[in-house]
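Annotated in TrEMBL:
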- 26-42: compositional bias 'Basic and acidic residues' (COMPBIAS)
- 112-124: compositional bias 'Basic and acidic residues' (COMPBIAS)
- 125-142: compositional bias 'Basic residues' (COMPBIAS)
- 143-154: compositional bias 'Basic and acidic residues' (COMPBIAS)
- 162-182: compositional bias 'Acidic residues' (COMPBIAS)
- 1-57: region 'Disordered' (REGION)
- 112-189: region 'Disordered' (REGION)
Amino acid sequence: NMAAPSAPRPPRPRKEPQPLVIPRSAAEEQRLRLERLMRNPEKTVPIPEKLNEWAPRPPPEFVRDVMGSSAGAGSGEFHVYRHLRRREYQRQDFMDAMAEKQRLDEEFQKKLERNKMIAEEQTAKRRRKRQKLKEKKLQAKKNKLEQKKQEKEPGQSQEQGSSEDDEEDSKEEEDKEDDAEEPSFVMGR
C-alpha cells in the first residue's frame, strides 16, 4: 500500500506576521481597520445588517395550564405565575415606550414643519424687501435719466424720450450686470 511518490509541492507563500499595534485613539483604530481592509481589496467587506428592534412575545391566545377551582396550588404554581407576570409587565413597558417614541416623533415633525414655515416667511419677507429696493433704484434711475433728457432736449416730445430712456436703462443694467470688476463702493465720494 505504498503511494506513488508525488511531485513536491511548491512552498506556500507565507504571510508576514503583522506587528501588534495597540490603537491609542479612535482615529488610529479606524486607520488600522482601513489598512486591514485594503490589504486584500478583492475580499468582500462584511456589512452588518441592522438588527431588528426587540419586541416582546405576544400574549398567549389560549392558556392551557389553568388550575381548577377544587385543586390546591402546587409548589411550582408561584413560579409559573411569576414568569407570566414578568412577561406581561415587560410587554406593557414596551407598549408604553413605543407610544412615547411615537409621540416624540410627532412632536419633532411638528417642530420641523413650524421651523420650515418660519424660515419660508422670513425668506419671503426678505425677498419682498429686495424687490422693493430694486424697484426703487430702477425708478430713481429712470427719473434721473428723464431729468437729463429734459435738460438736454427740451424741444423733443415725451413719448420719444421715454422709449429711448427704456433702451438706455436696459443697456446700462446689462453693462452693470456684466461688469464684475467694478467696485461696489468707492472711497472719497
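Cβ atoms here come from the backbone N, Cα and C positions, even for glycine.
Predicted automatically and left uncurated, TrEMBL annotations should be read as such.
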* Asked: What are the helix, strand and coil residue counts for the compositional bias 'Basic and acidic residues' (112-124) according to DSSP?
  -> 13 helix, 0 strand, 0 coil
* Secondary structure content of the compositional bias 'Basic and acidic residues' (26-42), with strand meaning DSSP E or B -> 14 helix, 0 strand, 3 coil
* Asked: Residue counts in helix (H, G, I), strand (E, B) and coil for the compositional bias 'Basic residues' (125-142), per DSSP?
  -> 18 helix, 0 strand, 0 coil
